[in-house]
Every structure is written in structure tokens, then in C-alpha cells.
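Report on one structure; see the data block that follows.
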Amino acid sequence: MSANDNWYIEHFQPTGSAIGFRISGKLDEVQSPFQKIEIYQTTDWGKLMLIDGAVMLTSRDNFFYHEMISHPALFTHPAPKRVVIIGGGDCGTLREVLKHPGVESATQCDIDEQVTRMSEKYFPELCDSNHDARAELLFDDGVAYMANCQAGSVDIVIVDSTDPVGPAEGLFNKAFYESCFKALKDDGILVQQSESPLALLDLINEMRTEMGKAGFQSFKTLPFPQPCYPTGWWSVTMASKQAKADFAFRQDAAQAKGFDTLYYTAHLHTGVLVAPPFVAKALGE
């Protein structure tokens, strides 16, 4: 990574690529007990949040990620009532989850309270639901939280984490997935951000293998654009306890969803279920 008076550039070693943003100034920086969080003002992308030098989100394009990590899973589940979000400290995923009126409770557990406080200050539009009566914000270890979750008590677990290094490393292994499996009801869904399907298919396969070792039997990886992330193309992966689940979704409900989105639609959901041939081949779909 590098910065000068005009640009912030993140070098992403796993893909041998870099991404940069023209900046007009640095707004804030805080070193939490876990990581360094920085906020920049860009000239074209609104505000930019970095965690340990890695781009987390911008004002301009975060909706792709937040909508795709939440709505496909929520419309795939027959009637989601209790949702747990592990990570997600910027609160954008929580906001999308609570757009669904059938959700009765959404617990967000992020290890670093400072991420949420910085988001409330610089990305208040993402924090509209923080005081919703259905929302519970916890600042604790997500691995421990899932390990202590009551068996069969959760409809959807969303793992909205940073890359699998540092504080998030424990969210990408069999032990954590076993905790998720135990906490989910029989028709429950696990969904996790799964990096770039263009450059990191091996990592996606490793994730799915670890999920399978934990008991999950069916998987679906959904790609979507994410300009501020390496390669500009990202993904989430859904996992089900059911054998040969087709991940069909409640299309009528999605079409008549009754709330606004900037990217997600029922028609888009239908299309994204069909993986590009090179992705399908690599993932054995």
C-alpha cells in the first residue's frame, strides 16, 4: 500500500494487482485494540474506509456488497425470523437485513466497536437501523459468540468479515463452520463473503471444503461487481444443510419486496444463480 497527496493505492499481493483512489484529504484515524481504521475523503467515490490499509468500503459502491450478502439469502430462506451477522461493523448489512419486515431479530457481533463508531460518524446512511428495536449490536469475538449460540435457534448466519487474516482468520475454518451448523435450524442458511471469483477460486473451494467438513451439504457462490475491491468482482457463498439444495428463492416476494435497493432485484437474483462457465467448472457445479 502507498499514499501521497493525491492518491491512495492498495497493492493486493494475492492477485498481483492494485487499486487506487484519488483523495482530497484524510478525515480520521484510530488505532483500536485490534486494527487501524482510517477514513479518507475521495474526489469521486465519497468517503473511503480502510482497515489495516485494506479498502473496506466507499460511499459510492458499498451497496453492491451489502445488498448481495443479505437479500439473496433472506429471499432463499422460506421465512427468516432470526438473523445473526458476524462482523459487519460498518452496519450496512444490518440495514439491509432489517428492510425485511418478517425478520424479528438481527444480532450483529463484531469484535471491534471502533469500526461501528467510525461508520456512525462518517457513513451515517449505513447506520439507519442501529436503533431499530429488532437490532442487537454486540462487540465481542464472533467465533466465541457462535460457539455459544443455542442449537437450532438461528435462521440465517451472515459472515460479513474482512479478508481471512488477522482478526477474521478464525471465521474461515471447520471449527467455526461447525458452530454455525449447530446454531442453524434444519432449513437455515449460512452466507459468507468469499473474495474474488476471478482471482481467488482456490480460496472459495477451500471455504466450501471446510463448510462441507462441518456438515453443510450444498453450496452456491454468487458473483457480483464490487469496484473498490481487488479485480472489481466479488462473491458471497451460501451453504445449506440440505443435500442437493437448488437455492431456489421466493421470486414473488422478491419482486414485491416493498423496499428500495440499488442493485438487487428478483431478475438479477435469477441470473446470478447461473455461474459463468469457468466459475462453475472450478467449483464443480
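Any Cβ shown, glycine's included, is placed from N, Cα and C.
What Swiss-Prot lists as domain 'PABS' is 5-241, and the listing cites sequence analysis. Per Swiss-Prot, S-methyl-5'-thioadenosine binding site is recorded for Q35, D110, D141, G142, P167, and the stated evidence type is sequence analysis. The spermidine binding site annotation in Swiss-Prot covers H66, D90, D160, S161, T162, D163 and rests on sequence analysis. Under the heading active site, proton acceptor, Swiss-Prot lists D160, citing sequence analysis as support.
The average pLDDT the prediction assigns to the domain 'PABS' (5-241) is 95.
Reduced to three states, the DSSP call for D110 (S-methyl-5'-thioadenosine binding site) is coil. Each residue contributes its Cα atom, and for S161 (spermidine binding site) and Q35 (S-methyl-5'-thioadenosine binding site) these two points are 13 Å apart. Of all Cβ atoms in the shown protein chains, 26 besides its own fall within 10 Å of the Cβ of D90 (spermidine binding site). All chains included, 16 other C-beta atoms sit within 10 angstroms of the C-beta of D141 (S-methyl-5'-thioadenosine binding site). Just so you know, the Cβ of H66 (spermidine binding site) picks up 25 other Cβ atoms within 10 Å once every protein chain is counted.
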